[in-house]
Amino acid sequence: MSAENGSPGLPNGGVCCATDSGRCSLVGNKVTVVLGAQWGDEGKGKVVDLLAQDADIVCRCQGGNNAGHTVVVDSVEYDFHLLPSGIINQNAIAFIGNGVVIHLPGLFEEAEKNLKKGQGLVGWEKRLCISDRAHIVFDFHQAADGIQEQQRQEQAGKNLGTTKKGIGPVYSSKAARSGLRMCDLVSDFSEFSQRFKLLAKQYKSMYPSLEIDIDGELKKLQDYADRVKPMVKDGVYYLYEALHGPPKNILVEGANAALLDIDFGTYPFVTSSNCTVGGVCTGLGIPPQSVGDVYGVVKAYTTRVGIGAFPTEQNNDTGEMLQTRGHEYGVTTGRKRRCGWLDLVLLRYAHMINGFTALALTKLDILDVLSEIKVGVSYKIDGKKIPHFPANQEVLNRVEVEYETLPGWNTDTCNVRTFEELPENAKKYVRYIELELGIPIKWIGVGKSRESMIQLF
């Protein structure tokens, strides 16, 4: 085919550039990614909210309604679990990718709850787009999650501390190839019903105490199918068009965080999906060259919900102070978060996996009252420094953390709006983190509102 006839199969005039290797590479829009760099609850929602104001599409690529994001707009506090928090931007499309698992009652409940709070969600059904390849969480997945946790407690004396939202069981169904997807729900409902009954029976045989009202469930699912049908699209084609069409700002909102990743987190005390950068490609169906900036969100100290190793944890007055001042309670579970010092070993590890282009440092104001601040800089095992982050939980529980002590600033920073206005020692704390990690800090959070995010560049 001659050049003047153009290249076939390039939608919306996508440009084909010959590369050195002679292959054709598509030049198009790129996605901006926001990821948690610790154990979650870093304030990703706030960074997303900031970027979502200029976004055309805001995506979720993994997890389910086990995530919890809080966004404050015009003094109204919205809580998001499954919906991309960017849905409050009236001009953006909120896209739920194939890597996300969807509990339909939870989805509609969440939307309706937020609708009552303010104007942010008006017209949300017209702005939501769901990948037809996304798996569905059924009520029996959630019930099985609770039973599994109970069994772990009885058999091993400890559970995983899951949110009981059915996330583990539905990803298990997906891997076992017995799961059902949005495309099944919105096409032939009688075929869907047969497969649903089969899956329900399998769960009943695995968990005899499970009570499943099959007909009642199917009746509800049929109602949801009618409501959700206009939102369901071929996600791969939809994003391909968006990436290779006219200029667009596409934002990806990561749920959970690096240390909760199924592969790279503190296994087994992790979630059931990849919440590191690889999950963006597999959870949306986009190639790696479509990934642009990757922003890591880091709390100025460290928190963790539930059990699992936590090297810099402070079971003392400092930990209690961070917990109280930081209002450290989980958005999804209401559980108290464990608190400790910032851990640079953990952050270097998160950076190795994600390749952060810049960081957002949140909740710096919580440290305002401290006269000195410690930062974990290295780990030792049996007196020897180790260069890596241990995979084995028993080993991680045994590490001895070496700390660097930095001077505090004993000054209220809540009303600071530029980097220059920060107390000298607060600036030093920020620059120290940048230097140690080799990643620039782009934002600093000193409060709950949109305005309290200081942008450095």
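Cβ atoms are placed via backbone N, Cα and C, with glycine included.
Cross-referencing Asn256, Asn354 against the IMP binding annotation in Swiss-Prot, which names Asp41, Glu42, Gly43, Lys44, Asn66, Ala67, Gly68, His69, Thr163, Arg177, Thr271, Arg335, picks out Asn256. According to DSSP, Gly334 (substrate binding site) sits in a coil region rather than a helix or strand. With a cut-off of 8 Å between CB atoms and residues at least 6 apart in sequence, the same chain places Asp41, Thr303, Arg304, Val305, Gln323, Gly326, Glu328, Tyr329, Gly330 near Arg337 (substrate binding site), listed in sequence order. Relative to Thr333 (substrate binding site), the binding-site residues with Cα atoms inside 10 Å are Asn66, Gly68, Thr163, the candidates having been Gly40, Asn66, Gly68, Thr163.
Checking Cα-Cα distances from Thr70 (GTP binding site) against the binding-site residues (Thr163, Val331, Gly334, Lys336) with a 10 Å cut-off leaves Val331, in sequence order. Just so you know, the Cβ of Asn256 (IMP binding site) picks up 29 other Cβ atoms within 10 Å once every protein chain is counted.
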